[in-house]
Amino acid sequence: MWIREEGTFVTISRIRGTDDRSWAARGACTQLDPDGFFVQGADQQKIKTACQGCPVRMECLADALDNRIEFGVWGGMTERERRRLLRQHPGIQDWYAVLDRTAARASGD
């Protein structure tokens, strides 16, 4: 995923404590206009559908939560949804681990 910073696109470079962002190249969003993920209101719900079935949705969401990214749709969640999670769980340092455990429980592993 990308964020806009002063008219340019920059990457967020931390996931699970490393600088490895190779997962981003596998995102369902790579062929879409990045500006489409920085919309307001009902348009956010529409763009979230691009994240459904994305093979790296969890990595993307964890990256946004770990880095406290304030704007845009990341990993299928709006900025408001992410803020709510961060407020509810302020002590979480590694969101990937939490999301992975939650997904494993949901799938019955």
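From the backbone N, Cα and C atoms, a Cβ is placed for every residue, glycine too.
Features reported for this protein in TrEMBL:
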type: DOMAIN; residues: 28-84; note: domain '4Fe-4S Wbl-type'
type: BINDING; residues: CYS29, CYS51, CYS54, CYS60; note: [4Fe-4S] cluster binding site
- Note on the structure: CYS54 ([4Fe-4S] cluster binding site) has its Cβ surrounded, within 10 angstroms, by a count of other Cβ atoms equal to 18
- Surrounding CB atoms that lie within 10 Å of the CB of CYS51 ([4Fe-4S] cluster binding site), all protein chains: 20
- Item | Other CB atoms, at most 10 A from the CB of CYS60 ([4Fe-4S] cluster binding site) | 25
- Message: With helix taken as DSSP H, G or I, strand as E or B and everything else coil, how many residues of the domain '4Fe-4S Wbl-type' (28-84) land in each class?
- Response: 34 helix, 2 strand, 21 coil
- Message: On average, what pLDDT score does this prediction assign to the domain '4Fe-4S Wbl-type' (28-84)?
- Response: 96
- Message: Just to be sure I understand the packing, how many Cβ atoms besides its own are within 10 Å of the Cβ of CYS29 ([4Fe-4S] cluster binding site)?
- Response: 21
